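A.B. asks: Before anything else, here's the structure in question.
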Amino acid sequence: MVRLGSDCLEKRLRLCFEAMGHLVGSHPWWFLVAPLLLSTGLGSGFYFLEDRVANDIEEQFTPVDGQAKEERRYIRETFPGNESVFSRLRLSTSGTYGTLIATSEGGVLTAEALQNIAELDSEVRSMVVHHGNQSFAYEDLCAGALGSCAPNDILDVTVGNRVNLTFPWFHSENGSFPLHGSLGGVELCRNRSAVLSSRAIQLFYYLRQDEGAKTDLWLQGFLHLVSNASTASLQVSYSTSRSMQWEFQKTPGSVIRLFSAAYAIAITFSIISCWRLDNVRTKVWVALCGVLSTALAVLSGFGTLLLLDQPFVMTAASCPFMILGVGLDDMFILIACWRRTRVLDSVPDRLAGTYGDAGVSISITTLTNALALFVGYSSPFGSVRSFCLYAGVSVCFCYLYSITFLGACMALNGRREAKDQHWFTCGKVPEDLPPKTSICCLGGQPNGIMEEEEPEAMSHIFEKFYGPFLTHKCVKVCVLLVYAGYLAVSIYGCLILKEGLDTKHLALDDSYIIDYFEDQRQHFSDYGLNVMVAVKQPLRYWDQSEQERLRSCMSEFESLTFVSGTLAWFLSFQRYAKTNDLNLTSRAAFHTHLSHFLEVDSIFKLDLNLSAGGQIQASRFFIQTLQKIPKEEVMVKLRQTAAECPVPLLVFHPAFIYFDQYTVVRAKTVQTVLVAAVAMLVVSLALMPSPLCPVWVAFSVCSVIVGVTGFMALWGVNLDSISMINLVMCTGFSVDFSAHVSYAFVSSSKTDVNKKATDALARLGYPILQGALSTILGVVLLSLSGSYIFRTFFKVIFLAMTLGLIHGLVFIPVILTLLAACSAKASSDDG
């Protein structure tokens, strides 16, 4: 058979690992104590955990260099606002506010409902909050104009008045204001704009943004007050500008018990899966040390980064689940290789053989896991960066402790086995006792007549039954057909995958803001954002040609199907001039009359950036959108329209900060996964003794990622910064199973490809199954979490483990048998 690959590097690494194993086996106490001392020292970084926590939603879950953030910076610098004049429409942020939505099945415009709402409004405005020796009410903190708080116009025109409301704008002698932001679930009279009934009223209470702690205290008091406001006839949902942040910060506490239970399940599973009736050769203590090794890795990895002042985002809290899976997978591989060594050899020689067999394999998976995570650090999302950094460093420590601490534990356990000591009592087991006795009795397997330990029952099943079954020609055909169906379903899922993180998913399921978001969606979803459009350069507004250029741009915006109208200072100025018969065709007349106009409608001063000489350097107008298409598409189309305008324009709304994720998440995810896959291919090519198998490992990685992406779409998971974290992690996870099987395949001494596949499955099939099941069991409790973040983590990891296991134990062995040239080196068939 033609040899297609070079195994010189692999051979050198094997020799290095054998030397390392012999060293650890000869001096196990050094390698046991040193990791404990190191992790204890590095774990001191947890002292700084509270100072390193960085859970600001905008900072961590929006693109770091998002376009909207630059646009907001321009708006703030160009239109700084006026503290004495408040306009919700003109805020460059969402503002500081408390809000409530009152709904009623019988309608909110009845006299009784309006009276109840008015009383609730009065309670909110008169609520007094105590802070130390100070007491303050809404009027002491409210945002407004001319010393008055910003009103809720809907109450001013309805309570105690008999008026005919018109929708979406209400016009009266005192002015006009939009009703669509205050009145929801509206039913209109036929062929008219008159309001017949309404099911919801929304009220806002805006506060000044410069009061700091006082505003937070008032908002907390507001939440406490309105939480008890619902009655049998009037339901009240509520939220504040700080609610999402406060609710998000509750998420870690909601999963602490789940973390504890997950580790308990992992320990239990590890013990059960490593348990043997042979009371000498059972690996109970090794299983316990394997779990402890992963805990030390998390302690060291997290502690190191906390000492280095790296921000800790809540998403990194899911890292221990990943490290647990990686560490246990390495442990099961090491135990399987230990069992294949000669029982009569010394402990250092047995550990040298174990490291020689397993070292390259776990090195490949560790390198690929770490590479995938460190590549993910290039993500534009702070939450992804934090997770990838903490997980990547912890994976490195997990590898270090697997070949030191865990190896030392195996060596000490091997010394006990060599002395035929009971695993619990450490008493000498007489060789003439039956090998299988009850757990509490002494008993052991005499080791003087064995070359290897008695194989596991599952390994026997893989070798005698599953391997021959899988390599049968008819079964291979069926496997390929199943794979084709799997690929078709996965690709379909990828095509229907939705993008973007709905911010309400950052709160727990039982949060009060969920009801608020649901009421808002149900009753106030017809009208979308009121987007500001900035004219970025000075224009001759009095010149007819310049006016036409600007009007043509406005016409382009108005022609969009989702735009319902515009509000512009210069249109109001032109109407003012027409009403007062003013001539605006000269520069001097324009600026003279403009100053008079701004005295009448002072709110428009906020839309102009005037130089010291009164020249207009920049201005802005507003366009009202409808909810006919998704909001992120609104942003993209508005930006495209602005870019095509002959006048330099900029469109902005505070929500665009969060919508920017839609423009980058797909491309960045694909880029990250592809780069990670290429990096893993390079590592596999360097460490595997055959050039074709690494190609199939990379193929398996891509296949699993496509499957995870497709099936998570069918499971209702969007592509967002949360699932992006998990996909990056799965890129590393998915290589584990195929790399282990592929490496075992090319390392097998068999010459027949079917026997090589059977041999690989017999050697590593059960450890791979153990590793997958331990990870699944470790995260299954997260399915009960009330947090979208951790439920998403469970769904994606479950898919990655399941699909990776199917690839490693079904698809890849069949594919490898179809590539006879994938053998590392032909040797005589010993079977």
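Just so you know, glycine gets a Cβ as well, placed from its N, Cα and C.
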A.B. asks: Which is it, of 18-37, 358-377, 558-577, that TrEMBL names as transmembrane segment?
C.D. replies: 358-377
A.B. asks: For the domain 'SSD' (675-818), what does DSSP give as the number of helix, strand and coil residues?
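C.D. replies: Tallying H, G and I as helix, E and B as strand, the rest coil: 125 helix, 2 strand, 17 coil.
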A.B. asks: Which residues, given as numbers and ranges, are at least 6 beyond the ends of the transmembrane segment (314-338) yet have a Cβ under 8 Å from it?
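C.D. replies: Answer is 53, 55, 60, 248-249, 251-252, 255, 259, 262-263, 266, 270, 273-274, 283, 286-287, 290-291, 293-295, 297-298, 301-302, 350-351, 353-354, 357-358, 361-362, 365-366, 369, 383-384, 386-387, 390-391, 394-395, 398-399, 401-402, 406-407, 410, 414, 459, 722, 725, 729, 733, 736, 740, 763-764, 766-768, 770-771, 774-775, 778-779, 782, 789-790, 793, 797, 801.
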A.B. asks: Does the structure show the transmembrane segment (724-746) and the transmembrane segment (258-277) touching, where I'm treating 3 or more Cβ pairs under 8 angstroms (sequence separation 6 or more) as a contact?
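C.D. replies: No, since the transmembrane segment (724-746) and the transmembrane segment (258-277) share fewer than 3 Cβ pairs closer than 8 Å, they do not count as touching.
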A.B. asks: Pairs of Cβ atoms less than 8 Å apart decide it: which stretch in 284-308, 358-377, 389-412, 766-784, 796-821 has the most with the transmembrane segment (258-277)?
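C.D. replies: The stretch I would name here is 766-784.
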A.B. asks: Given pairs 6 or more apart, does the transmembrane segment (796-821) have at least three Cβ pairs under 8 Å with the transmembrane segment (670-689)?
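C.D. replies: Counting Cβ pairs under 8 Å, fewer than 3, so no.
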A.B. asks: So are the transmembrane segment (358-377) and the transmembrane segment (766-784) touching or not, going by 3+ C-beta pairs under 8 A with a sequence gap of 6 or more?
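C.D. replies: Judged by the Cβ rule, the two regions do not touch, with the required three close pairs absent.
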A.B. asks: Short question: which residues 6 or more past the ends of the transmembrane segment (389-412) have a Cβ under 8 Å from it?
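C.D. replies: Same-chain contacts beyond the ends: 17, 20-21, 24-25, 28-32, 34-36, 39, 285-286, 289-290, 292-294, 296-298, 300-302, 304-305, 310, 312, 316, 319, 322-323, 326-327, 330-331, 334-335, 338, 347-348, 351, 354-355, 359, 362-363, 366, 369-370, 373-374, 376-377, 729, 732.
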